[in-house]
Structure formats: C-alpha cells, structure tokens
Amino acid sequence: MLLNACCKKNLWPRNGSTIFRRFALKLRPYQEECLSACLNAFDEGKRRIAVSLATGSGKTALFPHFIKYAPTLRPNSEQCLILVHRKELALQALKHCRESLPNKSIEIDMGNQCASGLADVTVASVFSLKNERLLKYNPLNFKLLIFDEVHHMASPSYLRILEHFGAESEKSKVNVIGLTATLFRADGKGLACGLDEIVYHRHFVDMIKDNWLVEPKVINIKWSTDLVLADSSSFLDQEKLKKEAQSEKAIFEIPRAWLEHASNRSSTLVFCINVEHSLKVCNAFRKLGIDARALFGETNDSERETLIQDFRKKKFPVLVNCMVLTEGTDIPNIDCLMIARPTSSPNLLTQMIGRGLRLHEGKRDCLILDFCDSLRRVSLHVDPTLAGLSPDEVENFYNKSKNSLANPDYDPKIYGLQSVLWYSKLRKLIEMMDNIKNKDRSIFNLSTNAWVAVGMGRYVLSFLQKVLIIDTNFEDGTHKISEYTKEKLGTRVYNRKRIVSDRIPSLKFAIRAAETYISNLKTPRSLISRKAVWRMRPASVRQINFLKKSNLKLDEKLLTAGVAADMITKVIYGGKGRQVRTDKLQSYLKHDANLKRITTLKELKG
C-alpha cells in the first residue's frame, strides 16, 4: 500500500526550523514529507517500511534524521545499523552521520575494517555481516535498521540479517526502513519478505518538474549494433551482441557522436557492456584526441578514488565505466551521459540516468546520448511495488539470462526526457491493442520456452498437470501470473487456481518471474522448451482429432506435435474469456477519465 505524500499528520512544524537546526544540512520539503511519513508509520505500529526516492534526491541525508527520531521499542535499545552493499554507499552514509551526529559514536564494518558492534551507529556491508561478525551485534540493543538500495533485499544475505535481528516478519522487534530509487526487481523476486508497506514515493519525473533535478535532453544515436539482439534471452544472441558492439565501426561511433553533440560538455559518463568494451571505447576516445579514462570493477581502490576525484574536479572530460557508477556515487557535475549498454531493466536504466540529474552550480540540463534506444524500449513509468515471488520460490533462478514512440515530428532534443516519458504513458492508453499485438510477437524473443500468445494480453505455458497463465491488466499495464493445477476429486477432475504473483510491471519481468517459479518446481526443460524434440515429431492422432472437432483447417501431413499443442492451447485458453477481456479493454478506453487523458494527448501533439 502506498501512502499519499501528504501525510495524515505531522509530528513537527512544517518549516522544521527548530527541529533540524542541529543537523549539518536542512532537509528539502519532500525530504521532510518523507521523514514525517516514516515516523507516522512507526507511530501507527508499522515496523518494516519502504521509501522510494529518485536517484539524486538525497536519500542518504535522511539517515541521521531517521536515527535521531526513530522510536525505541525496548529499554536501552538506542543503537542503529545502516546496511549497504557497496563501499561508495558506506562512505557516503559515514560522512553524513559524522557531520550531523557529532555526539554519536560511529563505526564502519566492511572488508578489513571491523567494528566493535557496540557503537551508537554502525555502517556495515551486508556481505561482511555473517557468522561471528554478525553475532557480535546484540539485537536487544538496536532500535533501527536502515537498508540502502533495498531492491537487493530478496537475496539470502539480507534475509540472514533480518532473521538475526528478529525482523523476518511484520511483528519485527526492531524498526526497519528500506530506501531505493527502484523499488522493484527485474527477476520477479518480491520484496515483501523484508518490507510490509511503501510509505513514501517520489518519481524522478516529479523531481524534475519541481526543479530538484535537472532536465535531461535526449538524442537517440543510430548505432550499427543490432539492438534486436538485446531483447533476446538467448545466450548466443547476447554473445553476438557483445561482438557487434566491439567492432571497430561500433566503437568509433561513440566518440564521434560525442564530438558532434557533446564536445562542449564538461563531464561525460559513458556506460559500456563489459570491461573489454570499456577499454576499447576509452582507447577510441583517446585516438581522437579526447582525454578519456576507464573505470571498472577490477580497478584498485586508490586508483578508483583518484579517478573519481579528478573527474569531480573536471580534470578530464570523459569517464568510461562498466557497472561501477550505477549506484551510490555522487558526482553532481556530470552533464552528459552516453548509454552504450543495452538494458531492458527499468532499475538499471533509472540508475544510469540518475547519475546525470543531480543539481550542480552552472548546470542547466543533462544531455543523454542514447545508442541503445533505451527510452523507447524500456518503460520508466513503473510504480514501486513489494509484490513478486518469495525468495524460496526463486532460489534456483537462472543466472544467464521498434516501434516509434510518438508522432514522427516529435523531437526529444527539444522536449527532453519528461515529455518522452509522459507521452509514452499516454500512448499506451490509446494504443493498448497494438501494444498487445506487439507483445504477442515479441514473446519469442523474451523466452526460449513454448509460451503461447492466445490473444488479448494472455500468455499460456502448459506442462505436466499444470498451466501457467500471464494476464495483462488493461487499466495499468501490469501483469498477473496464475497457476492452474489439475486435481482429481472422486471421479471429477478440476483445476485448482493459485495466484503466483501480481502487479508485475512488464511482460518481460512476468515471463522471468513465471520461469523462475517453474525452475523451482524442477520442471524438465524437455517438456517446456520451444525446441524440445517431441515438438518436432508429427502430431498425434489424439491432437488431430481434437483440432478437427474445433473446426480448424489442418494439413495433417505437415502438422507437428508442437504446433498442434500450441493450437490446442489457443482453443482452450484463447477463446474462453476472450470476449470478456475485449469488453474490459473497450470499457477502459471509453471511460470518461481516460477521454480526458486522450484529450491531453491531442493537446500535447498539437
């Protein structure tokens, strides 16, 4: 449940002048609203709450205030633990706490730096806290756990810490706050295992509108790399994509685009596919006389710190990185981003874009050179959610895994990202039918399993005595996964229904979540793969007879068992309920509220 940003009650005066003057930084209005929402939730008895705040909104600045005002649940339980997963996040949290809480003892527990477990405030690495290192923290002495970048919470490392502090359920014995800019996961895992309610949300588009973030200006760059490969789940396609992206032609297109569009920008951050790609792109910049440096995971700590500090001081104009500067690093002078790393994840794309949106003196906007058509391919209007599969349903999750947005006169260089996103949202309302058809065709790129698009936003996968169905919600574009299991009661066979997951933001995520669930059932690949041997064999007599009864025209000699199985699935799950779903869609598109939205669309286009 998402609370309104305007809280039901305030625990202090709106201006906060007397409350916050002891702190190093005064909170912005939305930060005050967020803090009020969290404390009100604790006051109402909620113990595990979530906050969704845009990248660059100053989440870390809230930590000292949470520590100061969070209620104690037991006598003498005043200690607080801040949990992060990256060194940069730990150092930021440490800096804010030391500046704003000078009278508190503050320690860090990460890598070779070991804390006593007795400090008033400890900033710790999630991955360092295990075995004896976790046991030194006495749960009875703690009032608050703060999880930064909490969208990682579904992993076992986080759940282990929650269990140690007695916070594994809504009857938690300690207050828990989880913060992130992206409160959803691309792998289908839910966050409800550690959090119970989203009490505050502020999207980065809202932050741009209110001038708390700079406006992005987007230019789509035509890249020679085949971006269709980026949407494929095939390992071979992903390898082919990496190879194409590292061709000499594709590599040099990146610095040439910078020279054409961004040579007047002071600080450009480039996102690349992997380390090899980063090094080649960096060398291409340097061959064209541009001072570029490369940063990736293997860069040692001292060199990394020097690179980032020099980049902050604008000593060189281009920093090329691979999966390092996506979370937590505060470099507000970045005024240009180059996205040369295809992604279908709203999480990752939001984090990448957020690197360039922070306010900075003399910075009017952030130019985004998008080589991957990211803003057309990935929806960033995704509401925060705790929904998804529980961790025990996803422990065996696999490790590997164009159409025009608007009218042809639309120019993202003029209108910027805010207009792109809003226009995309409206477009979905009046072209729901077309979008569903596009998704039906793209199902083959999203999975190698034999999903069948039966029409009107429904996708079906049959195996053993089970059927998984993904249905599209026409009102908000989310997806629901249902499982039907054939069971026998006496002589009667019936289907038992179970909702596996709901309100999944995209079809790709729904497919991933469903296949995560299937893998946990240890379903043989030979039953569900689109390339299974049995699907290539001739259709059985039983299949042919069923289809004949359905009055379908058949070429029995050419009909394979796989094609016949798909046709049967369409007959059973497509026809039944199709009219109901059609009526729902038509009703939604004709609703008065949406007519207003369509009117707004026409005005925007005009």
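Every residue gets a Cβ built from N, Cα and C, even glycine.
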- Which stretch does Swiss-Prot mark as motif 'DEAH box', out of 136-139, 148-151, 172-175, 208-211? 148-151
- Query: Which number gives the other C-beta atoms within 10 angstroms of the C-beta of Gly58 (ATP binding site), all protein chains shown included?
  - Reply: 18
- Task: Would you mind listing, in sequence order, the residues at least six apart from Lys59 (ATP binding site) in the same chain with a Cβ closer than 8 Å to its Cβ?
- Result: Val51, Leu53, Asp148, Leu179, Thr180, Ala181
- Note on the structure: In this structure, the one of the binding-site residues Thr55, Ser57, Thr60 whose CB has the fewest other CB atoms within 10 Å is Thr60
- Reported mean pLDDT - the domain 'Helicase ATP-binding' (40-201): 85
- Message: As a test of the contact definition, list every same-chain residue at least 6 positions from Ala54 (ATP binding site) whose Cβ is closer than 8 Å to its Cβ.
- Response: Ala181, Arg202, His203, Phe204, Asp206, Met207, Leu213, Gly354, Leu357
